[in-house]
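Annotated features in TrEMBL:
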- A:1-35: region 'Disordered' (REGION)
- A:47-68: transmembrane segment (TRANSMEM)
- A:98-124: transmembrane segment (TRANSMEM)
- A:99-306: domain 'ABC transmembrane type-1' (DOMAIN)
- A:136-160: transmembrane segment (TRANSMEM)
- A:166-184: transmembrane segment (TRANSMEM)
- A:213-234: transmembrane segment (TRANSMEM)
- A:284-305: transmembrane segment (TRANSMEM)
Amino acid sequence: MSTSITAPAGRPAPSRGSSTSQTEAPRPITGKSISVGRRVRNTTATVLVGLAVLVAAVPLAFVLVYVVSKGGGVFNLAFLTESIPISSRRAGPGMGPAVAGTLLITGAATLMAVPLGILAAVYLNEYGQANRLAAAIRFLSDVMAGVPSIVMGLFIYTVWVLRFGMSGFAGALALACLMLPIVIRSTEGVLRLVPRDLREASTALGARTSRTILTVVIPAALPGITSGCLLAVARAAGETAPLLFTIGTVRALNPNLFEGTNTALSAQIFVNAQLPFVAAQNRAWGAALTLILLVLLLTIIARIISARFTVR
Amino acid sequence: MTTTTPPPTGLQPARSARGDTAFRAASFLCGFTVLAILGLIAVSMTQKALPALQAEGLGFLTSARWAPNEGRFGALAFIYGTMVISAIALVFAVPVSIGIALFLTEVAPRRLRKVVSYVIDLLAAVPSVVYGLWGVLVLSAVIVDAYDAVGRVLAPVPLVGRLFEGPANGRSLFTAGLILALMITPIITAITREIFDTVPQGQKEAAVALGATRWEMIRGAVFPHSRSGMVGAVMLGLGRAMGETIAAALVIGSSPRISAQLFGPGDALPSVIAFQFGEASGTYRSALIALGVILFAMTIIVNMAARVIVNRGQEARAA
């Protein structure tokens with residue numbers, strides 16, 4: 001039994017009590033109480049582990065309390081719908097153009113990244129199982145997930161904005177690049193969970209691979225795919241850096257994605273956070289509250305879907 | 001389940017076969033876009049960065065002098081700043097993340113486990129710009145006093161003291177590192193937790209059966225099994241910290257200098273790009289894109305290494 005601990009570790013296991021003179025034979029349980037030193041060390045470790053949770057939770061609580069209390073002060077229907085004041089000094093609503101911009105830009109990014117990502121995942125899991133190109137794509141989509149968001153912004157700037165100018169669509173392209181690897185990897189993970197029996201049964205009934213995938217595999221995996229995609233959308237909705245050089249800014253609503261500059265909640269928070277005016281800072285808090293509510297809504301829907309319809 | 005299903009060959013019209021091939025080709029093309037995008041990022045950005053790189057030569061990487069109005073572009077100070085704040089972030093985030101992952105896998109009762117994992121999800125869900133907003137308007141104003149106090153105690157200490165001396169500033173390398181730590185904690189936690197979950201139950205039970213306390217079980221059974229995975233997780237966190245832009249940009253103080261003083265302002269690659277791109281043109285803009293290329297290269301290397309380590313660990317465990 002003792003070898004099963006030490007063998008995979010490839011070194012003597014330090015777990016066998018404080019007596020370092022121990023050799024191969026496992027020490028039988030004597031029923032004697034554990035020595036003080038070991039007990040202290042164990043308790044200290046347990047306390048530290050608990051403390052780690054607090055260390056992460058306390059700043060989060062502070063952030064949320066500030067966002068809710070400061071943002072709650074300005075948050076109302078007018079804030080969500082009215083234009084951004086011409087003068088940043090002036091108090092009052094609104095963030096309407098930013099709310100619309102976030103929804104439009106994130107929506108357009110979703111429309112591009114989700115179908116592409118799902119099909120790519122289908123290739124990886126259904127066709128490319130063991131082939132080397134698929135392995136390379138799998139690896140590189142993990143790497144792509146780590147590409148900094150500001151680099152995606154610069155990338156779209158060099159290939160799109162320099163030719164066609166700033167627009168909401170350019171921002172959507174940058175966000176889609178960010179979402180794509182997340183959609184691919186989460187979808188592939190869900191596809192892998194679909195039981196092989198289902199595919200075999202469908203094939204046995206005479207369906208071709210594409211028909212099997214479209215009518216059996218994807219429907220079976222749909223809840224998981226949906227929740228993964230929603231998490232990707234939530235992530236994209238909060239991104240700022242890819243929008244900095246791609247959408248520009250605007251104070252009045254611009255419903256046209258393809259023409260004219262646009263704005264988004266995250267971009268407005270970034271700009272207003274740097275202004276020395278209390279009114280602007282309050283609008284930033286309000287925008288932060290709006291953005292967090294939006295992201296939370298998406299996250300909660302994703303959780304509910306994945307909890308209710310998990311495969312198996 | 002009947003075993004007498006006839007083979008489907010020859011029963012399908014040819015049209016369907018063509019559809020099948022088309023679908024396969026379409027899905028392959030979608031997979032291929034990942035390669036295409038990554039390639040295009042490298043090519044198009046390098047191309048736009050070329051004017052600045054040609055003007056500065058190797059000096060772009062080795063000079064710390066960043067004076068756009070004189071046409072001097074040296075990225076060293078920003079590379080230094082990126083590394084320093086990432087290191088600070090890791091120093092705080094790694095122990096905390098491993099602690100939380102241990103709490104979730106080994107220590108917490110089931111009900112608490114659920115609550116804590118929701119908290120970590122929430123930490124990950126808050127957009128980076130919101131952390132930045134809080135950091136610049138709240139944290140940086142409050143934390144100066146703490147910096148002053150720490151500076152008074154630690155500055156006289158030889159060697160280490162240099163890190164903490166000088167006038168403390170709320171917007172500093174250290175504040176940026178702290179905010180980054182908050183943001184990479186959920187990532188490192190999620191991956192280490194997955195890795196701790198793969199430790200065979202039998203090994204843990206064996207350790208306990210041998211009379212190990214919980215801590216001894218963790219050290220003897222959990223850690224040795226997870227070492228490579230933990231390294232990979234930390235590197236993924238590092239990759240994220242290096243590229244994280246907005247939160248750090250708001251609190252870093254934006255001062256292009258190489259200084260050991262952690263409580264003083266500095267600057268990092270992503271924040272320079274974020275702040276200066278709008279006002280730049282010509283070679284200046286090209287230089288900022290070149291900073292993006294450097295950042296891209298740094299994060300790609302770190303991420304590739306991390307993935308190789310994590311994947312190898314998974315294969316070893318699966319075998």
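For all residues, glycine too, the Cβ spot is worked out from N, Cα and C.
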Quick check for me: are there 3+ Cβ pairs below 8 Å between the transmembrane segment (A:213-234) and the transmembrane segment (A:98-124), leaving out pairs under 6 residues apart?
yes
Among the recorded stretches A:47-68, A:98-124, A:166-184, which has the greatest number of Cβ pairs closer than 8 Å to the transmembrane segment (A:284-305)?
A:47-68
Could you give the residue numbers and ranges of same-chain residues that sit at least 6 residues beyond the transmembrane segment (A:166-184) on either side and whose C-beta is under 8 angstroms from one of its C-beta atoms?
101, 104-106, 108-110, 112-114, 116-118, 120-121, 124, 141-142, 144-145, 149, 152-153, 155-157, 160, 228-229, 231-233, 235-236, 239, 242-243, 245-248, 254, 256-262, 264
